[in-house]
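K.L.:
Attaching a single structure in structure tokens format; questions to follow.
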Amino acid sequence: MTNIRKTHPLMKIVNNAFIDLPAPSNISSWWNFGSLLGICLMLQILTGLFLAMHYTSDTATAFSSVTHICRDVNYGWIIRYMHANGASMFFICLFMHVGRGLYYGSYMFLETWNIGVILLFATMATAFMGYVLPWGQMSFWGATVITNLLSAIPYIGTNLVEWIWGGFSVDKATLTRFFAFHFILPFIITALAMVHLLFLHETGSNNPTGISSDVDKIPFHPYYTIKDVLGALLLILVLMLLVLFTPDLLGDPDNYTPANPLNTPPHIKPEWYFLFAYAILRSIPNKLGGVLALVLSILILILMPLLHLSKQRSMMFRPISQCLFWILVADLLTLTWIGGQPVEHPYIIIGQLASIMYFLLILILMPTASTIENNLLKW
């Protein structure tokens, strides 16, 4: 008799995705981040659901309701901090996952990659709207500054901003709709993640060498299930260390002051995971130019398959490209640091140089390095 997991219509889908899935025998821990992102997403939906049970999306009571969750709700403080720091863990895993894709040429799976970029945008939108909900100073001013960027769009900009606000400023209507979108988007992300996985399983996983591994496959279970469990334990360990010891390490103290439209904080800045893009935005003196650079800094990922000129898929055997990749990582860390600094000398010029370097590396230097490496192969 055939095993039920191979015949039952629902079990069969799970079986083909997580149990009998043929996986390359040599994928490293860099391939763990997909499952970790799944865990982060489930954790965020669960903690978010319990927070939504006690939260009120009204400007008069939003801040108080978050305080109420932390003080009066049973274990409300841990749910709140798991949700806030869970977002940070989510983005750490996201950046690692995207970095892995860039390094090992995973972007050559076009559908999987493009849906991944859409997922990145959706997650960033969700995180931004979630940051507005506690209605602290940084929530309010962050929402004001970021939504205002749309006013740079010629002709329709101002109308578009007021349409998103639901009035002439960030107010009650804005908070309510942000809460609605923040609630629905994670479910859209879940659906997209399933499509992401569906397309991945059409081709099978890439591996560190970038060479076809069809001749050497092993079943996903038990080999990679146990490996994913280890990754999950480490993820939860780091998350709980953050939550239980330094819950406000990655937050902004300004957000413990209730939103006040009459008082601007000295330094308006987003959460740490947006700082690199924020630095690119600020490094261009023109408003529309800055907005375009901001969008392009993420949208540039769509171009990666077109910019791939190498005869080899992975960077494993390409030392020049490897060197440029790690310079890009250092550049992004520099941008993240600059994004959190005030707009003054020397931070302005460092930010501008790092922004130029970012686009230069991806659009010109890395494709050039690929061509050089191709020619070196002939020697």
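Including glycine, each Cβ sits where the backbone N, Cα and C put it.
Straight out of Swiss-Prot:
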- 33-53: transmembrane segment (TRANSMEM)
- 77-98: transmembrane segment (TRANSMEM)
- HIS83, HIS182: heme b b562 binding site (BINDING)
- HIS97, HIS196: heme b b566 binding site (BINDING)
- 113-133: transmembrane segment (TRANSMEM)
- 178-198: transmembrane segment (TRANSMEM)
- HIS201: ubiquinone binding site (BINDING)
- 226-246: transmembrane segment (TRANSMEM)
- 288-308: transmembrane segment (TRANSMEM)
- 320-340: transmembrane segment (TRANSMEM)
- 347-367: transmembrane segment (TRANSMEM)
K.L.:
If you skip the near sequence neighbours and keep only those at least six away, which residues in the chain come within under 8 angstroms of HIS97 (heme b b566 binding site), Cβ to Cβ?
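P.N.:
Spatial neighbours, sequence-distant, of HIS97 (heme b b566 binding site): PHE33, GLY34, LEU37, GLY116.
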K.L.:
Which one, from the binding-site residues HIS83, HIS182, HIS196, HIS201, has the smallest tally of other C-beta atoms lying within 10 Å of its C-beta?
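P.N.:
Minimum Cβ neighbour count within 10 Å, taken over the binding-site residues HIS83, HIS182, HIS196, HIS201, occurs at HIS201.
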K.L.:
What residues in the same chain, six or more past the boundaries of the transmembrane segment (320-340), come closer than 8 Å to it by Cβ-Cβ distance?
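P.N.:
Hits for the transmembrane segment (320-340): 99, 102-103, 269-270, 272, 274-280, 282-283, 310, 347, 350-351, 354-355, 357-358, 361-362, 365-366, 369-370, 372-373.
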K.L.:
Taking the Cα atoms as reference points, how far is HIS182 (heme b b562 binding site) from HIS196 (heme b b566 binding site) in Å?
P.N.:
21
K.L.:
Would you mind pulling the DSSP three-state label for HIS196 (heme b b566 binding site)?
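P.N.:
Its secondary structure by DSSP: helix.
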K.L.:
Where HIS201 (ubiquinone binding site) and HIS83 (heme b b562 binding site) are concerned, what is their Cα separation in Å, rounded?
P.N.:
30
K.L.:
How would DSSP class HIS97 (heme b b566 binding site) in three states?
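P.N.:
Where HIS97 (heme b b566 binding site) sits, the three-state DSSP reduction gives helix.
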K.L.:
Tell me if the transmembrane segment (288-308) touches the transmembrane segment (33-53). I count contact as 3 or more CB pairs below 8 A, with pairs 6 or more residues apart.
P.N.:
no
